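Visitor: To start, I am sharing the structure in question, which I have written as structure tokens.
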Amino acid sequence: MEQILALFAIFLAFAFSGKCSDVFSRSDYPEGFVFGAGTSAYQWEGAAAEDGRKPSLWDTLCHSRDQGNGDIACDGYHKYKDDVKLMVDTNLDAFRFSISWSRLIPNGRGPVNQKGLQFYKNLIQELVSHGIEPHVTLYHYDHPQSLEDEYGGWLNHRMIKDFTTYADVCFREFGNHVKLWTTINEANIFSIGGYNDGDTPPGRCSKPSKNCSSGNSSIEPYIVGHNLLLAHASVSRRYKQKYKDKQGGSIGFSLFILGLIPTTSSKDDATATQRAQDFYVGWFLRPLLFGDYPDTMKRTIGSRLPVFSEKESEQVKGSCDFVGVIHYHAASVTNIKSKPSLSGNPDFYSYMETDFGKSLDFQYANTPWAMEVVLEYIKQSYGNPPVYILESAKFTFQWQQIGTPMKQDSQLKQKDIPRVEYLHAYIGGVLKSIRNGSDTRGYFVWSFMDLYELLGGYEVGFGLYTVNFSDPHRKRSPKLSAYWYSDFLKGESAFLDSQGIKELQSKYSSSF
């Protein structure tokens, strides 16, 4: 609890400080610090039914909902060379992307799809030849639908073997050029969103959470989370035994982490905040770094929380070379005085017994303290492991309506100013955390270009580049944030006050 109160003090120091006005430049970051941007396969590639690719969980869920889909998306499958040129223009060190399991091994196991294999080899070679480091995510909510149909996907222990075999193919075929691997993207959100809330693939849940067609919110998130941890450990072990000596890469695991702070300075809210941290972060980081689940979860969830055998605990502990942090905003946490009933089928939030209240910067205000809170918490609670910020950004609305044809907002680029302010503030916040001892080694903007967003379709965009999704050629155009990021990565000092924003707009006014 003392740590939470200390983090609350950080919040008080920075929450009302306004925009980050410190002057800093790229040279202030440690040698080897990586700046990049990211995408994911289903959101960027398109070509959903081309060259042997078969449906994944994403395809199934998105086609069942009226919010668009990734059938074409950004058409990165055909336009990757043009996109790499844009990365060079933006001065990126690295590009984070995911491999589509259903493109590489369409049936989940068995023969490798040679056309899919060649696509990823071509993409990686294009990146490397232009001096851009590939950072690969193996799993972004998208195992082949065939495995879900056959045995229930991550609800079944069989998934561990199939995922390890798939990862082995990736290491064997791409590992000579890939040094940073993330096994699972946002494991906590995949487990909660897909098996408690039903909002993300595979869309499973039960009352009292929601009323999906199938699922059990009281137990499935924990089964899935457990199997994800065992699969990660299996993949990490495979890499270290077969490939690490030759390839020299690192294996990480990513989580969505909010900047949690107590709503008040009361002990009850501080305790609730620690409980929320245990459920959201400790659920995965404690096994990865210490070998077992938080005591808070074991006491509350009881027999519904799977148990690691002694051998499994040893395998999971220390299997993570770095922690991938996906962070967007903060949330205040309030203790629930009248505890909900845990009888029947309680969902994830009933177990946690907290109220997140209103996210303090849900509208993505410039509050870099939220990032600092996250990094300080990881440093203090988990032994300061190496960290990469794998996603962090602010969205802009890019379409006036969803539909066909869609009408793009003509003022989108000019409306990117709040996003520039956000990036400036958060990148500066990372620097403050590094100076305070955090072992943070990289920052990836989400996303390199506007993508198909699972919860927002094509209505919102996180990209440095806008994409005209009503254009068959999917024309890309830089936003003001792309120019700012490029200037920063070229070594220009970052300073944003009202005059600095005017100068930035004036500098690139002819480009819009």
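From the backbone N, Cα and C atoms, a Cβ is placed for every residue, glycine too.
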Visitor: Look at the beta-D-glucoside binding annotation in Swiss-Prot, where Gln43, Asn185, Glu186, Tyr328, Glu391, Trp446, Phe462 are given, and name the residue from His78, His140, His143, His226 listed for that site too.
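Guide: Within the candidate list, Swiss-Prot flags His140.
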Visitor: When DSSP states are folded down to helix, strand and coil, where does Gln43 (beta-D-glucoside binding site) land?
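Guide: The three-state answer is helix.
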Visitor: Cα of Glu391 (active site, nucleophile) to Cα of Asn211 (N-linked glycosylation site): how many Å, rounded?
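Guide: With the alpha carbons as reference points, the distance is 31 Å.
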Visitor: Spatially, which candidate from the recorded positions Asn211, Cys212, Asn216, Asn436, Asn468 is nearest to Gln43 (beta-D-glucoside binding site), comparing Cα atoms?
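Guide: Of the recorded positions Asn211, Cys212, Asn216, Asn436, Asn468, Asn468 has its Cα closest to that of Gln43 (beta-D-glucoside binding site).
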Visitor: Of all the glycosylation sites given, namely Asn211, Asn216, Asn436, which is spatially nearest to His140 (beta-D-glucoside binding site) at the Cα level?
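Guide: Given the candidates Asn211, Asn216, Asn436, the nearest one is Asn216.
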Visitor: Of Asn185, Tyr328, Trp446, Phe462, which is closest to Asn216 (N-linked glycosylation site) if I measure between C-alpha atoms? They're all binding-site residues.
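Guide: Ranked by Cα distance from Asn216 (N-linked glycosylation site), first place goes to Asn185.
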